Every structure is written in structure tokens, then in C-alpha cells.
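Have a look at the structure below, then the notes.
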């Protein structure tokens, strides 16, 4: 009979577990897909209140909790309930009296379970938002690692991350305490009413009202059924957690924004002419309703007209673009296109008739052609090439080995800022939109590229309405109408000539500031140094991903990126436990309690044996028989409280230790990552999005080896060990038979475990969905403006499906493991009881000893069953441990936290001598080819030249983000690698082309990485950076939260805060990589004066495409193709009439006006 039952259990368990696990996987994938689709649906107002890192954490953590709380957990709960119901029916049929006396515990048990659900759900609901916050900090730190390192802000960001994890820890610990307390109380109830059932059953047996076997059947069946409920309580807890997470996820999924891009309602505009009108438009951002950004703006752009919006940063220009594209809706007034209020247009229709190029271009992982195709899904390669020719991008693309099929993104060929901008322009014009919006579209271009792009755009704007936002007024030469903004209102309208000639006008003053001084060729007899150009691979923008462009090197770039295979040793769970320093006492204490709990089933068998002996002595007087029953009853009551202490102690200590270890691992991982040089982040497997995913997901999986699942494995393993001892003590024959059986079972389980681990690693290797999710969440605005929500949603769905075959193999191995352990008890009973009966019949073995030996082996199968349920989940911890600890085992190419090195007084003499450099991921391609640059202490030098020529590479090397291949970079005659790195960077300050701010206040951003800074000097730095006025106009002043990536500030405002952050450091060497590129002319003039003042007494190295900002430099280096080709002052280089002079002429507004 048992054999048949065992076979049926194997089959049903296999099918049930496989189906439920597969369903859980599909449901989780479906939720991830819906979550991403919901993110793509939300409006800008909602995003202003969110943190990208928190959204990514919700996607990973919450849906992982939902996955854990459904699937096989549901199967276990259904099985448990069915088992309990069937048990009650059978027991009532056998004898309703004993059954009724025991099920009185049901209401009390339900009260305990509901109380546990309420307390655990409450703690989980408080913990999740705090974990979301820590995830946001982690993501913004790793995604902007260069800024953190350049500011020496590693320890500050690590502390910030650590503090956020500590805030969530208390709730994680409380979850373990509640679990242990209520679990223990549940078992107290079980044993108390088990005792009642045994005593009452014994009484009925003594009175000959029931057979002894029926007493054992009823009490054992009910106890084991309820006992099973108690043992799956951790899985019930997973269901509770899933419930809380599901509420958060569904709240997001079901949110319908005010501006719904998925809504098909609205008018079409089939023959759009592009007639745009702003009519008395007023607007205030929803999260700052008390501050009006636009104050009755009225202007008009007629069909095919090119209109420029000009004004200082934060005056409302970009806000107007956001309103025109309906990222926001106007507060008052209206905006019309061809006489139709844009609020009445279908959103996709509105955005499809508008092509937009933003100030900070966003390209996506994929090929160049795929990126251009985002502008028009139906285009052919020919059409893409035409668009790229118009954007002056075709030539450099053709020189790449794979041309338009070249992949761009993490671990692939990286593009310079100018190259990215040109591809973005091509993407914007490829579908020939009737309206074109250029928000600082040429801000990242050098003068040569700018003039070509301007000529291209001149052709591209023909026949379409074009709105241009520009601080570099050289881009507005051919604009038909210029609209000047000031403090949210339109103050001037006219052509360039009209406004330039307007005395005292705002635009006129801006133009005068950007004009170059004329140079008399006889002013100087000095000859500039002019060097022969040599073609080589170009450099990159510093604060963006380090990038390259290729002039005439189509073959060279063919060198494939080296594969970074993981040849490090494998790390398993033993490694995890070895790295629990400081928590061993808690772990050992918890393990002791687990071992104490492990004796419970042994004592349970002892209690049954006592009852068995009492029933064998029925002939004794009732008083003597009652003493035996009383002993059995009190023994079980004591066993209940024994279980309470053991469960509470083990869960509290293990969960406490697990939470602490998890925090240490996360913080250690972040600390290790922040210690790496830039080359580390260029590798595909250690790209920033991948690292965020590894820390978030792997740490969560590692916890499975330290929380309640470890508790189950430890206490049941010890229980199994003790049961073996008891079995051998009672009958070594039964012990040997049972040992052989379980060794065979464990061998099969070991093979399944190995298969599962290999499968999990394969899934991790093929699963790119977390990386894609980060890209989508961070660039939703761009995706919406391109109306490519559906494309990215489908792409994400495909990434979820990629590892499906590997996931099914893991589920299959899991299900086989589960089915074997489920049937073990039936095989054990058949074999052991058969042997026992044979020994009793033929060898006259002691019946009591055989009874105890067989019962012990039977309960051992329960222990193995409970081990398997948790062990399967712990299997996920092994690959996660390997993935996480491989971060710790990485070699440091440049140790950003190194404590050794010299700390001499820095004067500021900087020399780069015969520097050759190639990016480590592309060692065969030269970026700088014998570069020579020199800046004396207190001198201001400027690095100019074509975009991607190698200028930013010099700053990369100077700050030791990379090490040169050969040559020397020194400060005051000392090689920079002899300096203590943190000290070297503390003597420098960098303001990058794309300013990076972090979540926190303006003041906190300015003092990032600084200790004991004088607040008065901070205020002075803000004033020098021309930031004090706009900050003090904000409601919360310096305590204003800037939002993630500084989203609450305009581009120019972010740049000024970044400049203030640099000035606060009082650096001896000031590095400016396009530091004023995001500033309007008025702000640029003020900031340039501030920088001129700040540069006094310190060395200043400036990279600039806007050449008006560097004409007063002591020395100008013209860098092209990785070499210095011209050196001299502005006057000297103008007299030389070389490449620099040609670039000046292309930007000189005055010469244009005169012509």
C-alpha cells in the first residue's frame, strides 16, 4: 500500500511543483512586463516625485518577493489545507470525541497565525520603502562613479548607503522576532492540545470505549497535520511579504497618469503645417506650485519658420519645450498647433509630428542603425544614411568596422559627446517631422562639427517649423525670429540683426559678450608651435562613458573587444559563512537553538513511546494508569514550551545575524566597486547597470542562506543526526537499512542540486532584463518623446524570455528534488516496518525498541522533507554568493581608496610628456599618440580641437581614472602615481561637461566628500559660481532637494552648483571640461569672471568648444587625433591662421554680422 502511495506522491509532487513553479515564473515575468509598461506610461509630474533607483529596487525586490510567495508555496498551502481537512474527516469518523477535544485549539491557532500575518506585514510594509531608498542611493552612486571618485566622495556615499540600510535593518530583525514568537506559540498550542488528546484518549482506552490503535491514529494524524502547518509557516510568511509587495506593485501598475501616452483619445493631425502659438501661457511645476515658471508667455512660430528661444538659465525656455511636447500641461492659457489645442490632440500624434534633440543626448544599447530607427520604425538603411549625412555623422560612422551595425553602449564602442549629439540629430530628423525642437542641440559639438551640423540643419529645417534653444548664440545666425525670455516672461522678439542693434537690449548684451576680440597680426612676433597631425583614435567626453571616435581607422577598430572570462576561483556558501566576522556569536547562538529545536522530534517519539508503554499496562489500577497518562501529558506540554524557546531564539539570532551580514556584504560590495578604476566599468560584465543588478539581486539570494531557511536546514539536519543515533541505539539493523536508503536519496538530491546551480548560473548569464530595465527607467522621458514605448516594452519582454529554457531546466531539477523528498517517508515506512515485523516474528526482537526505531526513522523522513523545502531555495544562494564575492576578488587596476603614497605640498605645475594611451578594453587602438601638454603653477591653459580628439583623456589620466600606456604625467615634477590618490584628487577639482548631482540638498551636493568645511566659504563659493541668487529665491534655499540627477534644477542651475562644488575645495588645480557649456551668455559671463577669479593662484586646465570662454588663456593647445598640433596664445594662434583661427572664424558672431 505504502509503495503505491509513494509512487503516486512522486508523480503528483513532480507535476504539482513543476506547474506551480512554472506559473510563478510566468506570473513574475508578466508583472515585470506590466511594471515596465506602467513606468513607460507615467507622466513627468509623477517622475519628479520618484527616484529611478527606488523604481529599479521595486522591480527587482518586490517582484522577487511576489515570486517567492507564490508558486510552490501556494502548492504547499493547498496541500496543507487539504491534508488538514481530510485528517479531520477521518479522525471524526474514527472517534469524534478525541477529535473534538483536540480541534478546540483551532480558533487559538487561527488567532496566532492572523496576529503573525498582521505583525509581519506591518514590519514588511515599513521595511520596503527604506530598502527602495537604499537601492536608489546604490544606483545613483554606481551610475555616477567617476563624479563620486573625483570628489573623494566614496566614504560619504558609502556611509549614506550604510545608514539607509541600517534604517531598514530593525524591521528585518523584527520580522524574525515576530516569526519566532508566533511560530513558537503555535507549537505550544499544538503540544498542549496533543497532550489533551492523548490523556483523554488514554482514558477512553482504559474504559474500553476505543481501541489503542485508534488513539494513536487520531492523535498522530492530527498532530502531524497541524505540525506540518507550523513547519510551513516560513512559507506562509513569504506569502504575507508577497502580499505587501503586490500591493506596492499593483498600485504602480494600475496608476493612470493625467497625461496618458497610452490613451488613444484625441484628434489626429494628418497634414500638420507646424503653426505653433503660445497664448498667455502660465505654468508652475506641480511639486512647486508656489513658484511660477512661465508668466503669461505669448509668441508664435509660423509654418516653416525657425524661431530661437534665448535667455538665462532657468528662465523658462526648456519648460516651454516640455509644455509643447506635453510632458506637462499648462496651468493657464493654451498652446496650439495649426489652431488645435495640443491638449485635444492624441499624445502619440503630437509627439510624432515633433522631432526633438535634447541638451544631454540619450542613446540606447544597440547598433547605431537601431538607435536612428527609433526616430522612425519604418526607415531603410538608405534613409538612415541620408539623415546621418544631414547631421554630419555619416563619415565617422562609415569608418567604424561595422558601420551602422556598430553596437554602442556598455562594454561596446563608446562615442564622444559630439558624436552622440550628431546621431541624436539624425534620429530626430529621419522621419521628416513638420516641427523640429533643438534644445542646445549643438552644445556638445566643436566649432568644425557645429558649422557642418548648422549647415545640415539649415537644409533640414526647410519646410518645417524649428524651435531652437541655444546659449551659444553663433547657432542663431540664420534664425528668422528670436524670442528672448527673462524670469518666465518674453521681453524681446526680433531677428538677430534687429536685436543686436537694439541699444541696451538683453540680447544685444549677450551677443557682445560672445564676440571675440579682433587680433592685429602685428601684435606679436612670436610664432606658435604648429605640429604635424597624425591620425589616431580620438578621445572621449570625461564624465560621460569614456568614448572614442575613429578617423580613417576602419580596420583598426576591427580589433574585437577582449573577452573577460571569469577565471577566478568559485565561491560557495562556505565562503559566505567565512565572511561573517563579527556575527559568529549570533550565528553560533542561533545554531545552538536550532540544535535544541532539532531534538524536538526525538522527544516527540519518546513521548509516543511512553504512551505506548502506558497502553501496554492496561491491567494496572486506574490510579497507576493515570500516573502514566499524566506523565505523557505534562511531557508534551513541556515539549511545547521547549519548542517556543528554541524557535524564538534560533529565528531571532539567525535573522539578526543575517541582516547584519547582508548589510556588510552590500556595503563591502559598494566600497570595492568605488575603489576600482574607470577601466573596470568599461567591461560588459562589470558595467554600472550590471553591478547594480548584481548587488541588488545577489544579496537578496544570499540571504536565503542566512535567514529562516538556514534555521530549517540546521534544526532538521541536527534532528536527522539525533534520529540516526536513537535508531541505532534502539536497533542497529533498522539503522543500517535506513542509512542505506537515505544515502541513496541524498546522492540523487546532490546530483539535482548540482544541476540546479549550473542552471541558475546559466540563467544569470543570459538574463539581460535587469540591465535593460535600468536603461528604460532612467530614459523614459526620451522614449516617450520618441513614442517608442511599445518598442521598448516588447524588447524588455524578449529579454525576459531569453533565459526561459534554462529556467525550465532549473524548475525541473527543483521539482524532481521535491518529489523525491516527499515520497521518502513512504519508502522509509515500508522498508523499516517490514524489517521490524520480520525481526519481531523471527528473532523475537523487543516490540518497544522496534516501535521506537521505526517511528524515529519515519519522523526522520519528515526532517528530510523539511530540509529539502528550504535547501532548494538555498541552492539559489550559491551562484549568488559566487557572483557577489567575485566582485571582492577583482584586481584593482587603479585603487581609488589607496592609503599609501606621498602627500607633498602641491604648487600646480602639470606636465604630460610623451603620453601614449589606449583604453584597456581596446588595447590595440591608440587614443593619445605621444601627447605633450604643460601648465605652470598659476597658469591657465585651454585644450581645444575637434570633438573626440583626446582632450578629455588628459583629464582622465591626470585624475588617474586610467594609467598611461607609456610616457609620464606629473605634478610638480612628481609622477602622479607616487601621490596618495585621495590627496591628489583633493588638490584638484573637476567640473564636467554633463554635471552630475546626487539626491540630497544643494548644500550637501556642494560639500560632497568634504569634512569640516567652513559654511561661510561654501556660501562664498555659491556666490562666485553665480548660483547664490537663484538658490536663495527657492522656497527652501540651500536645503532644497535637487532630486535624483538634479532633476529639480535646470541644466544651467545644475552646472553652477557643480562649479560651486569645485570651488568649495579650494583646489590647486582646476579642471573645467566644458564647464560653461550649459550656461546662457549672461550666466557664462558671470561664471567666467568667477572662474577667472577662482583661477588666480591656481593652475586651470580648460576644455572648451565655446572658444569665447578661453581667449584669455595663457596658453592654448589645439589637439586633434591624439596629438597637439598647435600651441600658443589666442593672438599667436590667430596670427598663425591655422586650425584654431579657422575654428574661431566659424564661431565669431562679429564677422558674421559684418558680412
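The backbone N, Cα and C atoms fix where each Cβ goes, and this holds for glycine too.
Curation plays no part in TrEMBL annotations; they are all automatic predictions.
These figures come from a predicted structure and were not determined experimentally.
According to TrEMBL, the domain 'ABC transmembrane type-1' annotation covers 1-241 (among others).
According to TrEMBL, the domain 'ABC transporter' annotation covers 276-512 (among others).
Annotated domain 'ABC transmembrane type-1' per TrEMBL: 637-876 (among others), in sequence order.
As annotated by TrEMBL, domain 'ABC transporter' applies to 910-1146 (among others).
Taken from TrEMBL, the feature transmembrane segment covers 6-24 (among others).
The transmembrane segment feature in TrEMBL is assigned to 76-96 (among others).
With a cut-off of 8 Å between Cβ atoms, the residues of this chain six or more beyond the transmembrane segment (102-120) that come close are 88, 174-175, 178-179, 182-183, 185-186, 189-190, 192-194, 196-197, 218-219, 222, 226, 229, 233, 236-237, 240-241. As annotated by TrEMBL, transmembrane segment applies to 102-120 (among others).
Residues or ranges marked as transmembrane segment in TrEMBL: 181-203 (among others). Away from its own ends, the transmembrane segment (181-203) comes close to residues 95, 97-98, 101-102, 104-105, 108-109, 112-113, 115-116, 119, 210, 214-215, 218-219, 222-223, 226-227, 229-230, 233, 611, 614-615, 625, 628-630, 632-637, 639-641, 643-648, 651 of its chain (Cβ-Cβ under 8 Å, at least six residues beyond either end).
Sequence annotations record features per position, and here TrEMBL assigns transmembrane segment to 215-233 (among others).
Annotated transmembrane segment per TrEMBL: 587-612 (among others), in sequence order.
As annotated by TrEMBL, transmembrane segment applies to 632-656 (among others). Beyond the transmembrane segment (632-656), the same-chain residues lying 6 or more positions past its ends with a Cβ under 8 Å from any Cβ of the stretch are 172-173, 175-177, 179-181, 183-185, 187-192, 194-196, 198-199, 202, 586-587, 589-591, 593-594, 596-597, 600, 603-604, 606-607, 610-611, 614, 706-708, 710-711, 714-715.
Long-range contacts of the transmembrane segment (713-734) within its own chain (CB-CB distance under 8 A, at least 6 residues past either end) are made by residues 591, 594-595, 597-602, 605, 646, 650, 832, 835-836, 839, 845, 849-850, 852-854, 856-857, 859-860, 863-864, 866-867, 870-871, 874. Per TrEMBL, the feature transmembrane segment maps to 713-734 (among others).
TrEMBL lists 740-756 (among others) with the feature transmembrane segment.
Under the heading transmembrane segment, TrEMBL lists 849-872 (among others). Outside the transmembrane segment (849-872), and at least 6 residues removed from its termini, the chain residues within Cβ reach (under 8 Å) are 76, 224, 231-232, 234-235, 601-602, 604-606, 608-609, 612, 708-710, 712-713, 716-717, 719-720, 723-724, 726-727, 730-731, 734-735, 738, 742, 745, 749, 753, 756, 814, 817-818, 820-822, 824-825, 827-829, 832-833, 836, 839-840.
Listed by sequence, the residues of this chain that lie at least six past the ends of the transmembrane segment (76-96) yet keep a Cβ under 8 A from its Cβ atoms are 16, 103, 201, 204, 210, 214, 217-218, 221-222, 225-226, 228-229, 232, 235-236, 239, 869.
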